Amino acid sequence: MTRIARREASQEEAARQKEIIGRLGKRLEGQELTYHLSTFGCQMNFHDSEKLRGILEEIGYRESADETKADFVLYNTCAVRENAEQKVFGKIGFLKNVKRSRPHMLLALCGCMMQQEGVVQTLKRSHRHIDLVFGTHNLYRLAELLEARMDSDSPIYDIWDSHQEIVEDLPTRRTDRHKASVNIMYGCNNFCTYCIVPYVRGRERSRNPEEILEEIRHLAADGVVEVMLLGQNVNSYGRGLPGHTNFARLLEEIEKVEGIRRIRFMTSHPKDLSEDLIRVLGASSKICPQLHLPFQSGSSRILERMNRGYTKESYLELIRKMKAAVPELALTTDIIVGFPGETEEDFLHTLDVVDQVGYDLAYTFLYSKRTGTPAASMGEQVEEEVAKERFNRLLALCNRQAYDKSAAHVGKVFEVLVEAVNDRENGILSGRLANNHLVHFSGAPAEGFLDRAVGTFLQVKVTGAKSFYLTGEAI
Ligand code: SAH
Ligand code: SF4
Ligand code: F3S
């Protein structure tokens, strides 16, 4: 299909879905139905959930915080680690009892877990109370699937192996008025040997720059001042698209959109972080001085077994260049402990990288075996006790470092985008610095009308620091 034909097919499909949404809305009119949606996993899933909410609310469902009282309960699931999956199975068991006393309620599961054959088989065999199951490639069809379930006596399972068209033009219900997530690409081609994502999210595909820019212009017109660009590996954006577009060029274009004041993105893969990008980051006033750059392991030997495509030395070199280009850069990362074959010596390299780089925040994970990935069948799986002991040492270092990074803000003044009225403490607002540090602060000028401050930029003096947030006063 040509690009234009693809665009037309996608618009046609969106129009078809909108028609179904309208039809279902009429059919359910006056019933005052509610939905409950729980999301597991990464920002990608949270953004998908904004789309699912958009569809449900357009049909006429209202959101309910209580899953035992909602008419439609939907879980958007994550498969990245075993404990994410266990949480969902726990919920499925819990809902079985709830449904006994409320047989009319509809239960649905979607997202990454559903893209695994084994999970679907277990559901079909042992969890007949689930009404609707769909995956990551067809979530825009929620209205159609819901309608099909209402017209059928048995559960509906609709899972696709790969995507067909990318369907975008459907209602979305943003969580925040002033910030928005924007998908710039889907899927992943990297096949890190521990990771399930390429199997459940499919091959990497980039959206056209014009479509992304159009979406961001609409968001800006709607009052959005901050965008988060999403992709599993944003640094490879543009591969496979015609012309010479790449992530650095896309950022330069987004920067020109009037009204957008902060640009963030995730996730960056170190192997694809280009000199071009470093230059754009260094020169930009809107791209936030913040970078999430997972390194996973500090041992070049383990990195090779993980298929990450860089070494300890090349990673550290990259960090050095980034810090030189953006001196106030805040760095965050992901680290896996206990990958098959990891020795104490390998682990010491991981501690060494943390020590040398200095992270504002590190997300640390115990390696979790994912069926179907190459690492699952590697020998030398690390004993749980050993991995846990290493994990605790790493965590202690990361927490200490996070505290030091926080403490370095005390006494200084920063521009803060106000994000929320703190619901636990009276008169306190919460917001973020450009470098993404969270601050809770008092003394907002709009005192008494605190919610009016949400979405505005204030100057805040930082007066205190904890490992994971700052405290301060508006000036
Ligand atoms: N695309 C992103 C990460 C997506 S998954 C990237 O490449 O950085 C988020 C994080 O989960 C990963 O960075 C990794 O640290 C962790 N992770 C993925 N698979 C895992 C597994 N099998 N066990 C433990 N942690 C895992
Ligand atoms: Fe997983 Fe690696 Fe792709 Fe990230 S880059 S989603 S860790 S396979
Ligand atoms: Fe994200 Fe989990 Fe899927 S990390 S892409 S929701 S497997």
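Cβ coordinates are placed from backbone N, Cα and C, and glycine is handled just like the others.
Binding of [4Fe-4S] cluster 1 is attributed by TrEMBL to Cys42, Cys78, and within the candidate set Cys112, Cys188 the record adds Cys112 to that site. Only Cys195 of the binding-site residues listed as Cys78, Cys112, Cys195 bring a Cβ under 6 Å of any atom of ligand 1; the order follows the sequence.
Other C-beta atoms found within 10 angstroms of the C-beta of Cys112 ([4Fe-4S] cluster 1 binding site) number 27, with every protein chain shown included.
When the Cα of Cys78 ([4Fe-4S] cluster 1 binding site) is compared against those of the binding-site residues Cys188, Cys192, Cys195, the shortest separation belongs to Cys195. Checked against ligand 3, the binding-site residues Cys42, Cys78, Cys112, Cys188, Cys192, Cys195 give Cys42, Cys78, Cys112 in sequence order as having a Cβ less than 6 Å away from one of its atoms.
Cα separation, Cys188 ([4Fe-4S] cluster 2 binding site) to Cys112 ([4Fe-4S] cluster 1 binding site), rounded: 13 Å. Cβ proximity to the [4Fe-4S] cluster 1 site centre (mean Cβ of Cys42, Cys78, Cys112, cutoff 8 Å) flags the following additional same-chain residues: Phe40, Gly41, Met44, Asn45, Thr77, Ala79, Val80, Ala84, Gly111, Val197, Val200.
With respect to ligand 2, the binding-site residues Cys78, Cys112, Cys188, Cys192, Cys195 contribute Cys188, Cys192, Cys195 as residues with a C-beta closer than 6 angstroms to one of its atoms, given in sequence order. Between the CA atoms of Cys195 ([4Fe-4S] cluster 2 binding site) and Cys112 ([4Fe-4S] cluster 1 binding site) there is a gap of 12 Å.
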